[in-house]
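Quick look at what TrEMBL annotates:
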- A:30-37, A:146-149, A:Ile175, A:183-186: ATP binding site (BINDING)
- A:His37: active site, proton donor (ACT_SITE)
- A:Gln60: beta-alanine binding site (BINDING)
- A:Gln60, A:Gln152: (R)-pantoate binding site (BINDING)
2 protein chains.
Amino acid sequence: MEVVSTIDQVRERIKQWGNEGKTIGFVPTMGYLHEGHGSLIQKAGENDKVVVSIFVNPMQFGPNEDLANYPRDFEKDKIYCESLGVDLIFHPDPKEMYSERFCTYVDMSILTEELCGKSRPVHFRGVCTVVSKLFHIVQPDRAYFGQKDAQQLAIIKQMVEDLNIDVEVIGCPIIRERDGLAKSSRNTYLNKEERVAALVLSQAVKIGEELVLNGEKDATLIKETMIAKIESEPLAKIDYVKIVDGLTMQPVERIEKTVLAALAVYIGKTRLIDNFIFEI
Amino acid sequence: MEVVSTIDQVRERIKQWGNEGKTIGFVPTMGYLHEGHGSLIQKAGENDKVVVSIFVNPMQFGPNEDLANYPRDFEKDKIYCESLGVDLIFHPDPKEMYSERFCTYVDMSILTEELCGKSRPVHFRGVCTVVSKLFHIVQPDRAYFGQKDAQQLAIIKQMVEDLNIDVEVIGCPIIRERDGLAKSSRNTYLNKEERVAALVLSQAVKIGEELVLNGEKDATLIKETMIAKIESEPLAKIDYVKIVDGLTMQPVERIEKTVLAALAVYIGKTRLIDNFIFEI
């Protein structure tokens, strides 16, 4: 496994692989890798070569968000990647990614306006910009994103379609702890009591999903049942609970096509997300 | 020469050329080709294959601009491209480029805020978005742009650098009519009287350039001399005359590094542009 920190180094390796006719699978991450990332990396093994980027992207953090405190452990990440057969880690410095004269942004309307986009107004501009940069640097055949960040996945798919980027975007299922909590680097922020309280997210998701699977079509009723569950937990504070069109991320009233039921909840000071997709 | 109208058709040909190890030169245009475009196409001949796109991009026209009236003559353009040895023309319909669900934009700050960006606020967002799409579709090794659209050239270079797009952007000199008027598809809007009046643009450029070449460092003095020349022409109405930093497009007071002296002038209802670069 090779670890590089400059764009030129990635380009050199990528060109070589291109000349050898190798396919490239790419997993962009912010590091502090867990089994959720691991599942993406394993899936990316369907390509000849696997590239993982580890970059805590300043542009996708708002001014009052957790950029400085975002958990980092590059040595552990390296060992984990090695164990999963990763071929190349790209671990750039922010200065390598954003020059002093940087002033270009990839922006999106509609899909970014609900859910996390509402609570985190600059977030998806940062995500789109950095992912488009990473796609240009790594030039993968396929890129892998977790369904846990469902809105991000929908946005990346839309960006790739709109800008005609020549990459296949593949979404992978949410990986959960044994008790149901969706794996997330931010789970590390939780103290013991909060860790127990955080179960309310996956429990609310499960309740909502069961209602839908049993044929319930009324989005408001489903949402309110999920909200009631979350509100039963004193440490939980709802940011949003929403049921939206799976493509446009716009709220729906009835379950009539593919929908995303998504929630963001503060457990203490930690903001966690979870969701389910119901495909029609 | 092949003429295609769908993205899939371009991709198919590009992949084939890629497998054959061919290099690709790309000239994006809005059609109604003149010798200015011709010089770009000839320069692109330094690659194994030359692709020209002909697409009047709705996104770069403001609501009160000349989208509907923009001159088009695809049959003539085809003959001209054929005569210059073009390998592939990509001539898409707006629906092929912008689906109903389209909502992604490539945007830029700083460089877009002066000169044409001030008079045409949505223009460069449209340019950046369509050029980034075309780069993803055609995947050229080199792309050719005219120095006549100096701000556009600077913006495309900045976009490619910021987003790490794997293409070399090459600027080519302004091509002029015998009497000095910079070649432009919009020259066709001019009546006989206006055609004569339009000479004031290149004359003002020449006056400014000579001052700089003779060592004048005071940007205001140079600008005012150029303005006085233009104002001597009754049919001319100045949109802007500015001297800016060649990289950032921000106004300068002294000629101390590479500068762009650029002007936009209405001749009757037709808005024309011209400029010179002074490299230090």
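Every residue gets a Cβ built from N, Cα and C, even glycine.
Because TrEMBL annotations are produced automatically, they should be read as predictions rather than curated entries.
Features recorded in TrEMBL, as mapped to the structure shown.
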| residue | record | DSSP class |
| --- | --- | --- |
| A:Met30 | ATP binding site | coil |
| A:Gly36 | ATP binding site | helix |
| A:Gln60 | beta-alanine binding site | helix |
| A:Gln147 | ATP binding site | coil |
| A:Gln152 | (R)-pantoate binding site | helix |
| A:Ile175 | ATP binding site | coil |
| A:Ser185 | ATP binding site | helix |
Same chain, 6+ residues apart, C-beta under 8 Å of the C-beta of A:Met30 (ATP binding site), given in sequence order: A:Ile54, A:Phe55, A:Val56, A:Asn57, A:Tyr70, A:Ser185
Distance from A:Gln60 (beta-alanine binding site) back to A:Gln147 (ATP binding site), taken between C-alpha atoms, in Å: 18
Which of A:Leu33, A:Ile175, the listed binding-site residues, has fewest other Cβ atoms within 10 Å: A:Ile175
Under 8 Å by Cβ from A:His37 (active site, proton donor), counting only residues of that chain that are 6 or more apart: A:Val27, A:Thr29, A:Val52, A:Gly146
Binding-site residues listed as A:Gly36, A:Gln152, least Cβ neighbours within 10 Å: A:Gly36
Neighbour count (Cβ, 10 Å) for A:Gln60 (beta-alanine binding site): 21
Other CB atoms within 10 A, centred on A:Ser185 (ATP binding site): 19
Cβ neighbours of A:Gln147 (ATP binding site) where a neighbour is any other Cβ within 10 Å: 18
A:Gln152 ((R)-pantoate binding site) versus A:Ile175 (ATP binding site) - Cα distance in angstrom: 16
